[in-house]
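A.B. asks: Pasting a structure below so you can have a look.
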């Protein structure tokens, strides 16, 4: 989730609106691969603020999809908290502020990048630069190239090539696919007044390749020994091929970026996928607590953990049996791996969507002793707040930019 945002006024035909329905599957789904990074600094998040594509699930931290840029297939992580599509370009310069031993060379942990020039040429009027909340950054230049995802091609798409970066990857990806609104592309640039542009998803629905909606189904890996890849999908224009409880569908309006007071924006333009849940439920061993405190949250595939106010999270930590404890050096809370996990849910559209126990107490992420496991929710003193992967693995999330709403349904246990 990038630190700053941006929005787009949508204009599509009434026929397109009529075709949108939450129970409409699409053949345009792409499998993803899940990757769980072992890099401590990436445990929280990697950034600073219908064609199913298979996503690769990479150990809780990020999900990988293969995209074709020109004639080169590049693995990238997907992100609903930013809008740019960028790739590292070979050769590039990696810098670092941290060295494991004297004389060590910087290692940004990026895979093989894009080779050669962009066929559509470079943009020479302004350059590309993004800084993220974890201190990483990427800089380079914009240009144009065809981008294909799951057989759908955004022609002459504006993308960025990165040639100077401080990054903390583990060699599995070479860039990022941003799925948020166009407004964000003009707010976080290195130059004032940098023009916004249509990201890949926006180009696809404006070119009528898909309806203006996408959905995501994320998998989890329940143990380090588990070898079979679970189903994770990015579906462009409809729903992914996973089973949900049809009785649980609920929706929530996507709010403008003025909904996050900490950002100080006055515009109601859409930038990120911001909703306002109706409440939170903690069902511990002794009692159930429901709070109807309302505050905006971001739906962010790029955030490993869910990030919520202390007033919500502290009672949750206490509801573990034994209670969760803070472990210095990690910046996070852990509970004994055999602890009793409370039921914890968020109320959206009159329905409660619970975190899975496997995601509230993550067996694959342990402290040095191996006896304490990471809690999937962390606390902060102020927003922005986030519902991240630790919650999204339990639902199918529909990002409907035409109707300006998010829709959710509980996944059947998998």
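Placed from the backbone N, Cα and C atoms, the Cβ positions cover glycine too.
Predicted, not measured: the structure shown is a model, and the values here were computed from it.
So TrEMBL lists the following for this protein:
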SIGNAL    1-17  signal peptide
DOMAIN    63-409  domain 'Peptidase A1'
ACT_SITE  79  active site
ACT_SITE  300  active site
A.B. asks: Which one is it: of the active-site residues 79, 300, which Cβ has the fewest other Cβ atoms within 10 Å in this structure?
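C.D. replies: Each of the active-site residues 79, 300 was scored by Cβ atoms within 10 Å; lowest is 79.
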A.B. asks: What does the structure give for the C-alpha distance between residue 300 (active site) and residue 79 (active site)? Integer Å is fine.
C.D. replies: 7
A.B. asks: Across the whole of the domain 'Peptidase A1' (63-409), what does the mean pLDDT come to? Round it, please.
C.D. replies: 91
